[in-house]
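What Swiss-Prot records for 27-48, 63-82 is transmembrane segment, and it gives sequence analysis as the kind of evidence. The topological domain 'Mitochondrial matrix' annotation in Swiss-Prot covers 49-62 and is backed by sequence analysis. Annotation source Swiss-Prot lists Cu cation A1 binding site at 161, 196, 200, 207. Sequence annotations record features per position, and here Swiss-Prot assigns Cu cation A2 binding site to 196, 198, 200, 204 based on similarity to another entry.
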């Protein structure tokens, strides 16, 4: 989860988020190199006294500053397109989870099992346990098995919402009358926190998301206890 004064991204908990981290570092390196180059050129032009008295046109330099940015943009565009296609690819998911946004809570349905659905509200501060997370804990967590492909279907009943878990690299818009889907895999056990990322009204800040990732055998026991 995000911590105080954290300057970087959250620790990745899915292969998708690992790829997003790599792309972030790749792009930041290119931007740093451009900044240093432009700063050096500006400094060199500002502090030297040289003047070219025979300069009529700059065809060579114009070709360079047209072609070079195009090449740099290609180095950014190709990894970005690859990631976009990876995010849209859904291969035989093990479990389908449906998330429905409301003002101001989430409801979940496990489509592969009968009668398994519940609402998830934020735990108010005055009811929070000592070891709870303020404005992040919920009364009913989403329980999912680790190391399994999970498909999530997201929609809303009233206004626009956005189902977002940063450490998994997941952000899906919840649009009334429309089903959006995304595929992800959690590669370690733990609790993963997220929040609605689309302004949806007065209590937009108070509809958190909590995912509890557990091994498959414990997940089967949880499913059995919930359906019984």
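Counting starts with 1 at the first residue shown.
The backbone N, Cα and C atoms fix where each Cβ goes, glycine too.
Predicted, not measured: the structure shown is a model, and the values here were computed from it.
Features as recorded by Swiss-Prot, highlighted on the structure.
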{"residue": "161", "record": "Cu cation A1 binding site", "DSSP (3 states)": "strand"}
{"residue": "196", "record": "Cu cation A1 binding site", "DSSP (3 states)": "strand"}
{"residue": "204", "record": "Cu cation A2 binding site", "DSSP (3 states)": "helix"}
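Each of the binding-site residues 161, 198, 200, 207 was scored by how many other Cβ atoms lie within 10 Å of its Cβ, and the smallest score goes to 198. For the topological domain 'Mitochondrial matrix' (49-62), the model's pLDDT averages out at 77. Each of 101, 103, 104, 106, 162, 174, 195, 197, 198, 201, 204 belongs to the same chain as 161, 196, 200, 207, is absent from that list, and has a C-beta within 8 angstroms of the C-beta centroid marking the Cu cation A1 site. Taking the centroid of the Cβ atoms of 196, 198, 200, 204 as the Cu cation A2 site, the other same-chain residues with Cβ within 8 Å of it are 101, 104, 159, 160, 161, 162, 197, 199, 201, 207. Within its own chain, residue 196 (Cu cation A1 binding site) has 101, 104, 161, 162, 163, 164, 204, 207, 208, 209 as residues 6 or more apart in sequence whose C-beta sits under 8 angstroms from its own.
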